[in-house]
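One structure below.
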Amino acid sequence: MKTESEVGHHMASSTLNVDAFRDYLETQLKRLPPLPDVEQISPRVIRVLGQNPGEFTLQGTNTYIVGTGRSRLIIDTGQGSPQWIENVVFLLESMGIILSHVLLTHWHGDHTGGVADLIKSYPHLTTAIYKNSPARDQNNIIDGQSFSVEGATVRALHTPGHAHDHMCFVLVEENAMFTGDNILGHGTTAVEELGPIMSSWRRMLTENCERGYPGHGQLIHNLNHKITEQLASKVRRENLVLDALRCIRGQQGPQMAGRRMSINPKQLVILVHGKGINENVSTLVLEPFLIETLRKLAADGIVGFEICNGEKRWFPVQTV
């Protein structure tokens, strides 16, 4: 997968359109390395693929069975694929494993969709489902909470941004981290709120974990490097937006004295990416990226917005 900055450069081509972007995603999916349905990827971790491959789930959701003894825990449950629960049941029965805890990284359906099938197959798990901001009949996970089974202890980190309830889990014995959807094995993740996820990435860095077990994609061997890359990409985009806003302020002539110059996201796309962008690509792809950045900068007090004729327009504050 290309980096976010490379994708942004690719999307700036005047020949790009929505179909081409979809084709790009499909091509990138085909280039992903295949992952086995079930694989022992460390002495303490077995990965079971969720059987839900797609443009945004990559090879499928990774679910992890953690521990070395008879009693183990599972992190995430896939999307509810019948093949996933069949693979999980076969694995547990063949290895004599009993699940003690079901830990969910966040609420999205491709991570929680298999909960009902797990409970149907193993009714004792009805009271063993754990998630931050839990649904009814689930148990809460709080920041710093630990879960232990034979051979493994995982410690929860509240890391919002991809989702408000997102949790990562540090596997203490391996100095590794289950990163959920905050960091993927390929490419970059979708963001609910940019400011919180950047703070979460910085917090994840302080754990100094060597290995990452992501919610989607292959094993991450240098986790801090991957996190640092993601942070740098977002900071670069912030700088592009700020440079563009400085540009419009610099163009303010004497006739605009005392009046504020502001622009809408569509105009900002042109300033950042140039003219000739397909309108659908601008609306569906580029504008949401820039709005995400603008909201973060507004929360930081660096930019502001005003409503003009029902339209939100953005401007730099004087400290920019």
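The backbone N, Cα and C atoms fix where each Cβ goes, glycine too.
Within the same chain, residues at least six positions away from ASP110 (active site, proton donor/acceptor) with a Cβ under 8 Å of its Cβ are GLY50, ASN52, THR57, THR61, GLY78, GLN79. Feature annotation from Swiss-Prot assigns active site, proton donor/acceptor to ASP110; the stated evidence is sequence analysis.
With a 10 A radius on its CB, HIS108 (Zn(2+) 1 binding site) counts 21 other CB atoms from all the protein chains. According to its DSSP assignment, HIS108 (Zn(2+) 1 binding site) is coil. Taken from Swiss-Prot, the feature Zn(2+) 1 binding site applies to HIS106, HIS108.
If you look up Swiss-Prot, you'll see ASP110, HIS111 marked as Zn(2+) 2 binding site. Around HIS111 (Zn(2+) 2 binding site), the same-chain residues six or more apart in sequence whose CB sits under 8 Å from its CB are THR61, ASP76, THR77, GLY78, GLN79, LEU104, THR105, GLY180, ASP181, GLY215, listed in sequence order.
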